[in-house]
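For reference, TrEMBL has these:
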{"type": "TRANSMEM", "residues": "20-42", "note": "transmembrane segment"}
{"type": "TRANSMEM", "residues": "54-76", "note": "transmembrane segment"}
{"type": "TRANSMEM", "residues": "144-162", "note": "transmembrane segment"}
{"type": "TRANSMEM", "residues": "182-205", "note": "transmembrane segment"}
{"type": "TRANSMEM", "residues": "217-237", "note": "transmembrane segment"}
{"type": "TRANSMEM", "residues": "249-268", "note": "transmembrane segment"}
{"type": "TRANSMEM", "residues": "280-298", "note": "transmembrane segment"}
{"type": "TRANSMEM", "residues": "304-321", "note": "transmembrane segment"}
Amino acid sequence: MSVEDGGAAGLGPPRQARWTLMLLLSTAMYGAHAPLLALCHVDGQVPFRPSSAVLLTELTKLLLCAFSLLVGWQAWPQGSPPWRQAAPFALSALLYGANNNLVIHLQRYMDPSTYQVLSNLKIGSTALFYCLCLRHRLSARQGLALLLLMAAGACYAAGGLQDPGDTLPGSPPAAVAGPMPLHITPLGLLLLVLYCLISGLSSVYTELLLKRQRLPLALQNLFLYTFGVLLNLGLHAGGGPGPGLLEGFSGWAALVVLSQALNGLLMSAVMKHGSSITRLFVVSCSLVVNAVLSAALLRLQLTAAFFLATLLIGLAVRLYYGSH
């Protein structure tokens, strides 16, 4: 099992330990994102502009990459910097930007539960582009593992966590109008399919760039996040009136930005030395971390759906990475 397949059996003990630690840290950061974001709420609302958080995250990643090159943590390529190799990363930034904005617009055409369940189709789209663009073939066993991963995500989204206030006798209803009914419009379904396709394409295309170019990862990230900062700066400036760039930010918000920035850098290393499929498993395993933190910090209750999803994720990992 090679690093390309997401494992580390071919590495020496020190590198294997670093690889494992990197995957565990990324899983923890993914899982902590939603609970940390919930801790930022003031009177039930996020007090800062979402575009501000995205822009500051991209800027933090850019500065960390520049610092890594300046202090010599990664060697600068000999000769003049190959700036012409930066151009392909513009498409990566554009795809990621389109995906982030689609997530926001999708909420207008379906309820959150439907979105959470159906968005797991991006696992299938990522696997499809992974096979087509990188010329990798998945075995039947690996294909079944990815199907189990989609099922686990859908199962968790359908009811892995529950607000204990909903089950207490005499507790007030969450909203006067009652819960939002399950629904999705034809346009919403079309946009959801587009979202899943772009999600898979952006991940696999970025992996292809990172692996084909013989450049230090920090320099490749410098290219990617430069375009990301420019794109998100334009989106933030064109977003209309609202809070200032740092208005409403707290210590929790700063922690969200920093953790997302560090996780983005870890994920780029995973895609360069591992694969987009490994990234899917990291994101899916982070559901367990998210649920445990939500139960501990936000007093939400774990349901039977959570334990079923955890079982399915464990089985999927065993099928995909276990000995054949």
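A Cβ is built for glycine as well, from the same backbone N, Cα and C atoms used for every other residue.
Where the annotation comes from TrEMBL, it is an automatic prediction and has not been curated.
Remote same-chain partners of the transmembrane segment (182-205), defined as residues 6 or more beyond its termini with a Cβ less than 8 Å from a stretch Cβ, comprise 91-92, 95-96, 98-99, 102-103, 105-106, 108-111, 113-115, 118-119, 121-122, 124-130, 133-134, 271, 276, 279. For the transmembrane segment (217-237), the residues of the chain that approach it from at least six positions outside its boundaries are 49, 51-52, 54-55, 58-59, 61-62, 65-66, 68-69, 73-74, 76-77, 81, 85-86, 89-90, 92-94, 96-97, 101, 206, 209-210, 245, 265, 268-269, 272, judged by C-beta separation under 8 angstroms.
For the transmembrane segment (20-42), the residues of the chain that approach it from at least six positions outside its boundaries are 8, 48, 248, 250, 252-253, 255-256, 259-260, 262-263, 266-267, 269-270, 278, 282-283, 285-294, 297-298, judged by C-beta separation under 8 angstroms.
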